[in-house]
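Engineer: Before I ask anything, here is the structure I am working with.
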Amino acid sequence: MNARALLHSFSPHFRPRGSPPDLSVSKESFGFSLPGLKRREPLHFRVRLQSEEGCGFFHVSVRNSGRGGKVYADVKSEPYDISKSVPESVKFQDSLNDVVLPEGDLESSAPWWEEFPKRWVIVILCFSAFLLCNMDRVNMSIAILPLSAEFNWSPATVGLIQSSFFWGYLLTQIAGGIWADTVGGKLVLGFGVVWWSVATALTPVAAKVGLPFLLVVRAFMGIGEGVAMPAMNNILAKWVPVSERSRSLALVYSGMYLGSVTGLAFSPFLIHQFGWPSVFYSFGSLGTVWFAVWLNKAYSSPLDDPLLRPEEKQLIVANSLSREPVKTIPWGLILSKPPVWALIASHFCHNWGTFILLTWMPTYYNQVLKFNLTESGLLCVLPWLTMAFSANLGGWIADTLVSKGLSVTTVRKIMQTIGFLGPAFFLTQLSHVNSPAMAVLCMACSQGTDAFSQSGLYSNHQDIAPRYSGVLLGLSNTAGVLAGVFGTAATGYILQHGSWDDVFKVSVGLYLVGTVVWNLFSTGEKILD
(Lines of atoms letter the chains of each structure in order from A and count residues from 1; the text may use other names and numbers.)
(Lines give C-alpha, C1' and ligand atoms only; values in the text may rest on other atoms or scores of the structure.)
Protein backbone atom coordinates (compact mmCIF):
# COMPACT_ATOMS: atom_id res chain seq x y z
CA MET A 1 0.00 0.00 0.00
CA ASN A 2 1.20 3.53 -0.81
CA ALA A 3 -0.49 6.59 0.73
CA ARG A 4 0.08 10.11 1.97
CA ALA A 5 -1.18 11.12 5.40
CA LEU A 6 -1.47 14.51 7.06
CA LEU A 7 0.21 13.85 10.41
CA HIS A 8 -0.20 17.23 12.06
CA SER A 9 -1.66 20.62 11.14
CA PHE A 10 -2.26 23.99 12.70
CA SER A 11 -4.65 24.92 9.89
CA PRO A 12 -8.04 26.33 10.98
CA HIS A 13 -9.65 23.77 8.61
CA PHE A 14 -8.41 20.89 10.82
CA ARG A 15 -11.27 19.58 12.98
CA PRO A 16 -10.32 16.42 14.93
CA ARG A 17 -12.99 14.68 16.92
CA GLY A 18 -10.42 13.64 19.48
CA SER A 19 -6.90 14.55 20.40
CA PRO A 20 -4.20 14.57 17.68
CA PRO A 21 -2.28 11.34 17.20
CA ASP A 22 0.63 10.65 19.51
CA LEU A 23 3.61 10.94 17.17
CA SER A 24 6.71 11.30 19.30
CA VAL A 25 10.24 10.47 18.19
CA SER A 26 13.27 10.75 20.36
CA LYS A 27 15.40 13.83 19.65
CA GLU A 28 18.52 11.73 20.25
CA SER A 29 17.57 9.41 17.38
CA PHE A 30 16.29 11.85 14.79
CA GLY A 31 17.23 15.30 16.03
CA PHE A 32 13.72 16.72 15.92
CA SER A 33 10.32 16.70 17.54
CA LEU A 34 7.66 15.97 14.96
CA PRO A 35 5.04 18.55 15.94
CA GLY A 36 7.77 21.23 15.85
CA LEU A 37 9.45 20.00 12.68
CA LYS A 38 11.25 22.87 10.98
CA ARG A 39 13.44 21.06 8.47
CA ARG A 40 12.44 20.78 4.81
CA GLU A 41 14.49 17.62 4.17
CA PRO A 42 12.48 14.39 4.33
CA LEU A 43 13.20 12.05 7.28
CA HIS A 44 12.69 8.32 7.04
CA PHE A 45 11.72 5.81 9.77
CA ARG A 46 9.46 2.82 10.42
CA VAL A 47 6.18 2.95 12.34
CA ARG A 48 4.47 0.01 14.01
CA LEU A 49 0.67 -0.12 14.10
CA GLN A 50 -0.63 -2.38 16.85
CA SER A 51 -4.19 -3.46 17.58
CA GLU A 52 -5.91 -6.38 19.28
CA GLU A 53 -5.81 -8.43 16.04
CA GLY A 54 -2.07 -7.99 15.39
CA CYS A 55 0.45 -5.45 14.18
CA GLY A 56 2.00 -4.12 10.96
CA PHE A 57 4.96 -2.00 9.88
CA PHE A 58 5.06 1.03 7.55
CA HIS A 59 7.94 2.91 5.99
CA VAL A 60 7.31 6.61 6.69
CA SER A 61 8.93 9.60 4.98
CA VAL A 62 8.14 12.79 6.88
CA ARG A 63 8.53 16.33 5.57
CA ASN A 64 7.43 19.79 6.57
CA SER A 65 5.46 21.56 3.81
CA GLY A 66 6.74 24.94 4.94
CA ARG A 67 3.27 26.48 4.80
CA GLY A 68 0.31 26.41 7.14
CA GLY A 69 2.10 24.38 9.84
CA LYS A 70 1.45 21.08 8.02
CA VAL A 71 3.58 17.95 8.36
CA TYR A 72 3.02 15.16 5.84
CA ALA A 73 4.09 11.54 5.71
CA ASP A 74 4.44 9.34 2.64
CA VAL A 75 3.53 5.87 3.89
CA LYS A 76 4.45 2.52 2.31
CA SER A 77 3.39 -0.77 3.92
CA GLU A 78 5.92 -3.48 4.73
CA PRO A 79 4.89 -7.16 4.91
CA TYR A 80 5.49 -8.56 8.39
CA ASP A 81 4.96 -11.92 9.97
CA ILE A 82 3.32 -11.27 13.33
CA SER A 83 4.57 -14.61 14.62
CA LYS A 84 8.07 -13.12 14.78
CA SER A 85 9.26 -10.93 17.58
CA VAL A 86 8.60 -7.26 17.11
CA PRO A 87 11.39 -4.81 17.92
CA GLU A 88 10.67 -1.80 20.07
CA SER A 89 9.70 1.09 17.76
CA VAL A 90 7.59 4.18 17.53
CA LYS A 91 4.05 3.75 18.84
CA PHE A 92 1.34 5.09 16.55
CA GLN A 93 -1.98 5.25 18.36
CA ASP A 94 -4.69 4.92 15.69
CA SER A 95 -6.73 8.08 16.11
CA LEU A 96 -6.56 9.17 12.46
CA ASN A 97 -9.97 7.61 11.91
CA ASP A 98 -11.34 10.33 14.17
CA VAL A 99 -9.99 13.13 11.98
CA VAL A 100 -12.23 14.93 9.49
CA LEU A 101 -10.25 16.71 6.74
CA PRO A 102 -11.70 19.08 4.13
CA GLU A 103 -11.04 18.09 0.52
CA GLY A 104 -7.66 19.38 -0.66
CA ASP A 105 -5.85 19.27 2.70
CA LEU A 106 -4.01 16.13 1.62
CA GLU A 107 -2.37 18.03 -1.26
CA SER A 108 1.14 19.45 -1.07
CA SER A 109 1.37 23.19 -0.42
CA ALA A 110 4.69 24.02 -2.05
CA PRO A 111 5.77 27.63 -2.81
CA TRP A 112 4.96 28.85 -6.32
CA TRP A 113 8.61 28.86 -7.40
CA GLU A 114 8.85 25.15 -6.65
CA GLU A 115 5.76 24.47 -8.77
CA PHE A 116 6.92 26.64 -11.70
CA PRO A 117 7.37 24.29 -14.70
CA LYS A 118 10.99 23.20 -14.95
CA ARG A 119 10.84 23.17 -18.76
CA TRP A 120 10.20 26.91 -18.70
CA VAL A 121 13.13 27.39 -16.34
CA ILE A 122 15.25 25.80 -19.09
CA VAL A 123 13.64 28.08 -21.70
CA ILE A 124 14.33 31.20 -19.59
CA LEU A 125 17.96 30.17 -19.09
CA CYS A 126 18.34 29.73 -22.86
CA PHE A 127 16.72 33.15 -23.34
CA SER A 128 19.28 34.63 -20.92
CA ALA A 129 22.14 32.96 -22.80
CA PHE A 130 20.97 34.48 -26.09
CA LEU A 131 20.55 37.86 -24.39
CA LEU A 132 24.24 37.70 -23.37
CA CYS A 133 25.15 36.39 -26.83
CA ASN A 134 24.01 39.52 -28.65
CA MET A 135 25.10 41.89 -25.89
CA ASP A 136 28.65 40.60 -26.34
CA ARG A 137 28.33 40.69 -30.13
CA VAL A 138 27.02 44.25 -30.64
CA ASN A 139 29.26 45.95 -28.08
CA MET A 140 32.10 46.00 -30.64
CA SER A 141 29.96 48.01 -33.07
CA ILE A 142 29.89 50.80 -30.47
CA ALA A 143 33.37 50.37 -28.99
CA ILE A 144 35.00 50.27 -32.43
CA LEU A 145 34.67 54.08 -32.65
CA PRO A 146 36.96 54.97 -29.71
CA LEU A 147 39.13 51.92 -30.51
CA SER A 148 39.81 53.02 -34.08
CA ALA A 149 40.55 56.55 -32.88
CA GLU A 150 43.01 55.34 -30.24
CA PHE A 151 44.88 52.89 -32.50
CA ASN A 152 44.51 54.85 -35.79
CA TRP A 153 42.80 52.01 -37.65
CA SER A 154 41.71 52.58 -41.22
CA PRO A 155 38.17 51.75 -42.41
CA ALA A 156 39.55 48.61 -44.07
CA THR A 157 41.06 47.48 -40.75
CA VAL A 158 37.77 48.18 -38.97
CA GLY A 159 35.96 46.03 -41.53
CA LEU A 160 38.51 43.23 -41.03
CA ILE A 161 37.96 43.31 -37.26
CA GLN A 162 34.18 43.28 -37.63
CA SER A 163 34.30 40.33 -40.03
CA SER A 164 36.76 38.26 -37.95
CA PHE A 165 33.90 37.21 -35.68
CA PHE A 166 32.33 35.27 -38.55
CA TRP A 167 35.51 33.24 -39.16
CA GLY A 168 34.95 31.33 -35.95
CA TYR A 169 31.16 31.53 -36.12
CA LEU A 170 31.08 29.62 -39.41
CA LEU A 171 33.46 26.93 -38.14
CA THR A 172 31.26 25.71 -35.27
CA GLN A 173 27.75 25.71 -36.75
CA ILE A 174 27.78 22.09 -37.91
CA ALA A 175 30.39 20.97 -35.36
CA GLY A 176 28.29 22.43 -32.54
CA GLY A 177 25.24 20.57 -33.81
CA ILE A 178 27.08 17.24 -33.93
CA TRP A 179 28.50 17.80 -30.46
CA ALA A 180 25.12 18.77 -28.97
CA ASP A 181 23.32 15.79 -30.51
CA THR A 182 25.95 13.34 -29.22
CA VAL A 183 26.90 14.63 -25.75
CA GLY A 184 23.87 16.76 -24.86
CA GLY A 185 22.91 20.42 -25.05
CA LYS A 186 23.76 21.33 -21.45
CA LEU A 187 27.49 20.77 -21.82
CA VAL A 188 27.73 22.42 -25.25
CA LEU A 189 25.74 25.56 -24.43
CA GLY A 190 27.61 25.94 -21.13
CA PHE A 191 30.92 25.64 -22.98
CA GLY A 192 29.81 28.21 -25.56
CA VAL A 193 28.79 30.85 -23.01
CA VAL A 194 32.00 30.45 -20.99
CA TRP A 195 34.15 30.48 -24.14
CA TRP A 196 32.67 33.65 -25.65
CA SER A 197 32.53 35.39 -22.24
CA VAL A 198 36.26 34.81 -21.70
CA ALA A 199 36.97 36.00 -25.26
CA THR A 200 34.89 39.14 -24.61
CA ALA A 201 36.79 39.92 -21.41
CA LEU A 202 40.16 39.39 -23.18
CA THR A 203 39.31 41.79 -26.03
CA PRO A 204 40.87 44.93 -24.41
CA VAL A 205 44.06 43.02 -23.61
CA ALA A 206 44.30 41.65 -27.17
CA ALA A 207 43.69 45.09 -28.69
CA LYS A 208 46.57 46.58 -26.71
CA VAL A 209 48.91 43.69 -27.58
CA GLY A 210 48.34 44.01 -31.32
CA LEU A 211 45.91 43.65 -34.22
CA PRO A 212 46.64 39.93 -34.95
CA PHE A 213 45.80 39.02 -31.35
CA LEU A 214 42.55 40.99 -31.53
CA LEU A 215 41.54 39.19 -34.73
CA VAL A 216 42.20 35.80 -33.08
CA VAL A 217 40.20 36.72 -29.97
CA ARG A 218 37.25 37.90 -32.08
CA ALA A 219 37.36 34.65 -34.08
CA PHE A 220 37.47 32.71 -30.78
CA MET A 221 34.38 34.61 -29.68
CA GLY A 222 32.67 33.50 -32.88
CA ILE A 223 33.59 29.88 -32.10
CA GLY A 224 31.76 30.12 -28.76
CA GLU A 225 28.67 31.82 -30.15
CA GLY A 226 28.56 29.44 -33.11
CA VAL A 227 27.58 26.46 -30.91
CA ALA A 228 24.81 28.34 -29.08
CA MET A 229 21.96 27.92 -31.56
CA PRO A 230 22.53 24.19 -32.29
CA ALA A 231 22.91 23.42 -28.56
CA MET A 232 19.78 25.37 -27.65
CA ASN A 233 17.83 23.63 -30.39
CA ASN A 234 18.95 20.23 -29.12
CA ILE A 235 18.03 20.86 -25.49
CA LEU A 236 14.62 22.39 -26.23
CA ALA A 237 13.76 19.49 -28.54
CA LYS A 238 13.98 17.25 -25.46
CA TRP A 239 12.39 19.57 -22.91
CA VAL A 240 9.52 21.32 -24.70
CA PRO A 241 6.34 19.57 -25.90
CA VAL A 242 5.26 20.17 -29.49
CA SER A 243 2.29 22.27 -28.36
CA GLU A 244 4.65 24.79 -26.68
CA ARG A 245 7.47 24.72 -29.24
CA SER A 246 6.74 27.94 -31.12
CA ARG A 247 6.32 30.02 -27.97
CA SER A 248 9.48 28.69 -26.36
CA LEU A 249 11.64 29.24 -29.44
CA ALA A 250 10.17 32.70 -30.02
CA LEU A 251 11.02 33.67 -26.44
CA VAL A 252 14.57 32.36 -26.74
CA TYR A 253 15.23 34.10 -30.06
CA SER A 254 13.74 37.33 -28.74
CA GLY A 255 16.58 37.21 -26.23
CA MET A 256 18.92 37.94 -29.15
CA TYR A 257 16.88 40.99 -30.16
CA LEU A 258 16.66 42.31 -26.60
CA GLY A 259 20.37 41.59 -26.16
CA SER A 260 21.07 43.94 -29.06
CA VAL A 261 18.83 46.58 -27.47
CA THR A 262 20.62 46.19 -24.13
CA GLY A 263 24.09 46.27 -25.68
CA LEU A 264 23.33 49.34 -27.79
CA ALA A 265 21.75 51.11 -24.81
CA PHE A 266 24.42 50.46 -22.15
CA SER A 267 27.64 50.46 -24.19
CA PRO A 268 27.71 54.25 -24.82
CA PHE A 269 27.05 54.93 -21.13
CA LEU A 270 29.84 52.60 -19.95
CA ILE A 271 32.30 54.00 -22.49
CA HIS A 272 31.53 57.57 -21.46
CA GLN A 273 31.79 56.85 -17.74
CA PHE A 274 34.59 54.27 -17.50
CA GLY A 275 36.28 53.99 -20.90
CA TRP A 276 35.87 51.49 -23.73
CA PRO A 277 37.53 48.49 -21.93
CA SER A 278 34.74 48.56 -19.31
CA VAL A 279 32.20 47.37 -21.89
CA PHE A 280 34.08 44.13 -22.51
CA TYR A 281 34.97 43.49 -18.86
CA SER A 282 31.42 44.05 -17.55
CA PHE A 283 29.60 42.19 -20.31
CA GLY A 284 32.06 39.28 -20.22
CA SER A 285 31.73 38.85 -16.45
CA LEU A 286 27.97 38.31 -16.73
CA GLY A 287 28.63 34.96 -18.40
CA THR A 288 30.12 33.51 -15.20
CA VAL A 289 26.93 34.31 -13.27
CA TRP A 290 24.80 32.64 -15.93
CA PHE A 291 27.08 29.59 -16.02
CA ALA A 292 26.80 29.05 -12.25
CA VAL A 293 22.99 29.00 -12.47
CA TRP A 294 23.08 26.81 -15.59
CA LEU A 295 25.24 24.16 -13.89
CA ASN A 296 22.90 24.04 -10.92
CA LYS A 297 19.53 24.07 -12.72
CA ALA A 298 19.90 22.66 -16.23
CA TYR A 299 19.90 19.10 -17.56
CA SER A 300 20.26 17.97 -21.16
CA SER A 301 17.09 15.90 -20.90
CA PRO A 302 14.13 15.72 -18.49
CA LEU A 303 15.06 12.06 -17.99
CA ASP A 304 18.34 13.22 -16.39
CA ASP A 305 16.72 15.58 -13.87
CA PRO A 306 16.23 13.83 -10.49
CA LEU A 307 14.16 16.71 -9.07
CA LEU A 308 11.69 17.01 -11.93
CA ARG A 309 8.12 16.46 -10.72
CA PRO A 310 6.70 13.18 -12.04
CA GLU A 311 3.63 14.78 -13.58
CA GLU A 312 5.75 17.26 -15.58
CA LYS A 313 8.15 14.53 -16.68
CA GLN A 314 5.20 12.46 -17.91
CA LEU A 315 3.82 15.47 -19.81
CA ILE A 316 7.15 16.16 -21.51
CA VAL A 317 7.98 12.56 -22.37
CA ALA A 318 4.46 11.88 -23.70
CA ASN A 319 4.44 14.96 -25.95
CA SER A 320 8.09 15.17 -26.96
CA LEU A 321 9.57 13.51 -30.03
CA SER A 322 13.23 13.41 -29.01
CA ARG A 323 14.56 10.40 -27.13
CA GLU A 324 18.01 8.90 -26.45
CA PRO A 325 21.26 10.65 -27.50
CA VAL A 326 22.65 10.19 -30.99
CA LYS A 327 25.65 7.91 -31.49
CA THR A 328 26.19 8.42 -35.24
CA ILE A 329 24.93 11.04 -37.69
CA PRO A 330 23.24 9.54 -40.80
CA TRP A 331 24.49 12.21 -43.21
CA GLY A 332 23.32 10.39 -46.34
CA LEU A 333 19.80 9.97 -45.01
CA ILE A 334 19.60 13.59 -43.79
CA LEU A 335 20.80 15.07 -47.09
CA SER A 336 18.48 12.83 -49.13
CA LYS A 337 15.31 14.44 -47.71
CA PRO A 338 13.70 17.29 -49.74
CA PRO A 339 12.36 19.06 -46.58
CA VAL A 340 15.95 19.33 -45.32
CA TRP A 341 17.03 21.12 -48.50
CA ALA A 342 13.91 23.27 -48.37
CA LEU A 343 14.97 24.31 -44.86
CA ILE A 344 18.54 25.09 -45.96
CA ALA A 345 17.45 27.06 -49.05
CA SER A 346 14.77 28.99 -47.14
CA HIS A 347 17.25 29.87 -44.39
CA PHE A 348 19.58 31.31 -47.04
CA CYS A 349 16.79 33.37 -48.67
CA HIS A 350 15.57 34.60 -45.29
CA ASN A 351 18.96 35.65 -43.94
CA TRP A 352 19.96 37.49 -47.13
CA GLY A 353 17.24 40.05 -46.55
CA THR A 354 17.52 40.03 -42.75
CA PHE A 355 21.29 40.65 -42.63
CA ILE A 356 21.04 43.41 -45.23
CA LEU A 357 18.33 45.18 -43.26
CA LEU A 358 20.19 44.94 -39.97
CA THR A 359 23.69 45.67 -41.36
CA TRP A 360 22.91 48.44 -43.84
CA MET A 361 19.92 50.03 -42.13
CA PRO A 362 22.00 52.72 -40.32
CA THR A 363 23.56 53.69 -43.65
CA TYR A 364 20.12 53.85 -45.29
CA TYR A 365 18.79 56.07 -42.50
CA ASN A 366 21.77 58.38 -42.83
CA GLN A 367 22.17 58.58 -46.62
CA VAL A 368 18.55 58.42 -47.77
CA LEU A 369 16.51 59.66 -44.82
CA LYS A 370 19.20 62.12 -43.62
CA PHE A 371 18.94 61.03 -39.99
CA ASN A 372 21.74 61.56 -37.49
CA LEU A 373 21.76 58.19 -35.73
CA THR A 374 23.85 59.42 -32.80
CA GLU A 375 20.98 61.78 -31.91
CA SER A 376 18.23 59.31 -32.79
CA GLY A 377 18.98 56.30 -30.62
CA LEU A 378 15.42 55.07 -30.83
CA LEU A 379 15.89 54.30 -34.52
CA CYS A 380 18.78 51.97 -33.68
CA VAL A 381 16.76 49.83 -31.27
CA LEU A 382 13.31 50.14 -32.88
CA PRO A 383 13.75 47.18 -35.27
CA TRP A 384 15.04 44.95 -32.49
CA LEU A 385 12.13 45.84 -30.23
CA THR A 386 9.68 45.27 -33.08
CA MET A 387 11.19 41.87 -33.82
CA ALA A 388 11.13 40.84 -30.14
CA PHE A 389 7.42 41.68 -29.90
CA SER A 390 6.50 40.07 -33.22
CA ALA A 391 8.46 36.89 -32.54
CA ASN A 392 6.55 36.24 -29.30
CA LEU A 393 3.24 37.20 -30.90
CA GLY A 394 3.90 34.78 -33.76
CA GLY A 395 4.86 32.03 -31.32
CA TRP A 396 1.61 32.44 -29.40
CA ILE A 397 -0.44 32.40 -32.62
CA ALA A 398 1.35 29.30 -33.95
CA ASP A 399 0.92 27.28 -30.73
CA THR A 400 -2.73 28.33 -30.51
CA LEU A 401 -3.37 27.10 -34.04
CA VAL A 402 -1.65 23.77 -33.29
CA SER A 403 -3.65 23.32 -30.07
CA LYS A 404 -6.90 23.92 -32.00
CA GLY A 405 -6.12 21.00 -34.31
CA LEU A 406 -4.42 22.65 -37.29
CA SER A 407 -1.57 20.47 -38.57
CA VAL A 408 2.00 21.47 -37.71
CA THR A 409 2.83 21.49 -41.44
CA THR A 410 0.09 24.02 -42.19
CA VAL A 411 1.07 26.24 -39.26
CA ARG A 412 4.76 26.27 -40.24
CA LYS A 413 3.87 27.17 -43.84
CA ILE A 414 1.53 29.98 -42.74
CA MET A 415 4.03 31.52 -40.34
CA GLN A 416 6.98 31.34 -42.74
CA THR A 417 4.92 32.71 -45.62
CA ILE A 418 4.21 35.76 -43.43
CA GLY A 419 7.95 35.87 -42.62
CA PHE A 420 8.75 36.02 -46.36
CA LEU A 421 5.93 37.98 -47.97
CA GLY A 422 5.60 40.56 -45.17
CA PRO A 423 9.14 41.93 -45.56
CA ALA A 424 8.86 41.66 -49.37
CA PHE A 425 5.70 43.79 -49.39
CA PHE A 426 7.00 46.52 -47.08
CA LEU A 427 10.34 46.77 -48.89
CA THR A 428 8.53 47.37 -52.19
CA GLN A 429 6.69 50.28 -50.55
CA LEU A 430 9.88 52.13 -49.63
CA SER A 431 10.24 53.57 -53.12
CA HIS A 432 6.70 55.01 -52.93
CA VAL A 433 6.79 56.78 -49.55
CA ASN A 434 7.53 60.49 -49.37
CA SER A 435 8.31 61.06 -45.69
CA PRO A 436 11.07 59.75 -43.43
CA ALA A 437 8.46 58.74 -40.84
CA MET A 438 6.69 56.48 -43.32
CA ALA A 439 10.02 55.00 -44.43
CA VAL A 440 10.90 54.15 -40.82
CA LEU A 441 7.44 52.61 -40.37
CA CYS A 442 7.92 50.44 -43.47
CA MET A 443 11.32 49.26 -42.22
CA ALA A 444 9.90 48.44 -38.77
CA CYS A 445 6.96 46.54 -40.28
CA SER A 446 9.32 44.69 -42.61
CA GLN A 447 11.42 43.47 -39.73
CA GLY A 448 8.40 42.83 -37.53
CA THR A 449 6.82 40.46 -40.04
CA ASP A 450 10.26 38.91 -40.65
CA ALA A 451 10.25 37.75 -37.01
CA PHE A 452 7.31 35.43 -37.71
CA SER A 453 9.98 33.15 -39.20
CA GLN A 454 10.81 32.07 -35.62
CA SER A 455 7.58 30.07 -35.70
CA GLY A 456 8.25 28.91 -39.25
CA LEU A 457 11.61 27.68 -40.45
CA TYR A 458 13.37 28.23 -37.09
CA SER A 459 10.93 25.83 -35.38
CA ASN A 460 11.03 23.28 -38.18
CA HIS A 461 14.33 21.62 -37.25
CA GLN A 462 12.73 20.10 -34.16
CA ASP A 463 9.63 19.09 -36.12
CA ILE A 464 11.27 17.03 -38.85
CA ALA A 465 14.31 15.63 -37.02
CA PRO A 466 14.12 16.06 -33.23
CA ARG A 467 17.07 13.76 -32.53
CA TYR A 468 19.23 15.55 -35.11
CA SER A 469 17.87 19.06 -34.59
CA GLY A 470 21.27 20.40 -33.54
CA VAL A 471 22.98 19.10 -36.67
CA LEU A 472 20.12 20.30 -38.87
CA LEU A 473 20.24 23.80 -37.40
CA GLY A 474 24.00 23.83 -37.90
CA LEU A 475 23.51 22.97 -41.58
CA SER A 476 20.81 25.53 -42.28
CA ASN A 477 22.39 28.28 -40.18
CA THR A 478 25.67 27.82 -42.06
CA ALA A 479 23.74 28.65 -45.23
CA GLY A 480 22.15 31.57 -43.39
CA VAL A 481 25.50 32.98 -42.24
CA LEU A 482 26.92 32.65 -45.76
CA ALA A 483 23.89 34.56 -47.04
CA GLY A 484 24.67 37.32 -44.57
CA VAL A 485 28.33 37.49 -45.59
CA PHE A 486 27.65 37.43 -49.34
CA GLY A 487 24.57 39.64 -49.10
CA THR A 488 26.37 42.33 -47.11
CA ALA A 489 29.25 42.37 -49.59
CA ALA A 490 26.93 42.31 -52.63
CA THR A 491 24.95 45.26 -51.26
CA GLY A 492 28.09 47.38 -51.22
CA TYR A 493 28.78 46.44 -54.84
CA ILE A 494 25.17 47.18 -55.90
CA LEU A 495 25.25 50.60 -54.22
CA GLN A 496 28.42 51.49 -56.12
CA HIS A 497 26.75 50.72 -59.46
CA GLY A 498 23.06 51.22 -58.70
CA SER A 499 20.62 52.40 -56.03
CA TRP A 500 18.84 51.30 -52.89
CA ASP A 501 15.87 50.25 -54.99
CA ASP A 502 18.13 47.68 -56.66
CA VAL A 503 19.25 46.40 -53.24
CA PHE A 504 15.65 45.92 -52.14
CA LYS A 505 14.68 44.25 -55.44
CA VAL A 506 17.28 41.51 -54.90
CA SER A 507 16.01 40.90 -51.36
CA VAL A 508 12.39 40.81 -52.52
CA GLY A 509 13.29 38.35 -55.28
CA LEU A 510 14.93 35.97 -52.81
CA TYR A 511 11.98 36.30 -50.41
CA LEU A 512 9.66 35.20 -53.23
CA VAL A 513 11.93 32.26 -54.16
CA GLY A 514 11.98 31.20 -50.52
CA THR A 515 8.19 31.36 -50.32
CA VAL A 516 7.79 29.02 -53.28
CA VAL A 517 10.43 26.52 -52.09
CA TRP A 518 9.05 26.49 -48.56
CA ASN A 519 5.44 25.88 -49.53
CA LEU A 520 6.33 23.18 -52.06
CA PHE A 521 8.79 21.07 -50.09
CA SER A 522 8.59 21.77 -46.35
CA THR A 523 6.73 19.65 -43.81
CA GLY A 524 5.97 19.74 -40.11
CA GLU A 525 5.98 15.96 -39.72
CA LYS A 526 8.90 13.92 -38.43
CA ILE A 527 10.93 12.52 -41.35
CA LEU A 528 14.02 11.32 -39.46
CA ASP A 529 13.83 9.03 -36.41
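The backbone N, Cα and C atoms fix where each Cβ goes, glycine too.
TrEMBL annotations: computationally assigned, not manually curated.
This is the feature table in TrEMBL:
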type	residues	note
DOMAIN	122-526	domain 'Major facilitator superfamily (MFS) profile'
TRANSMEM	120-140	transmembrane segment
TRANSMEM	160-180	transmembrane segment
TRANSMEM	187-207	transmembrane segment
TRANSMEM	213-237	transmembrane segment
TRANSMEM	249-272	transmembrane segment
TRANSMEM	278-295	transmembrane segment
TRANSMEM	471-495	transmembrane segment
TRANSMEM	502-521	transmembrane segment
Engineer: Cβ pairs under 8 Å only, please: of the recorded stretches 187-207, 249-272, 278-295, 471-495, 502-521, which one is richest in them relative to the transmembrane segment (213-237)?
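Structural biologist: Top-ranked stretch among 187-207, 249-272, 278-295, 471-495, 502-521: 187-207.
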Engineer: Are the transmembrane segment (187-207) and the transmembrane segment (278-295) close, by which I mean at least 3 Cβ pairs under 8 Å that are 6+ residues apart in sequence?
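Structural biologist: As far as Cβ distances go (cut-off 8 Å, pairs 6 or more apart), the transmembrane segment (187-207) and the transmembrane segment (278-295) touch.
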Engineer: How about the transmembrane segment (249-272) and the transmembrane segment (278-295): at least 3 CB pairs under 8 Å, pairs 6 or more apart in sequence, or not?
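Structural biologist: Yes, the transmembrane segment (249-272) and the transmembrane segment (278-295) are in contact.
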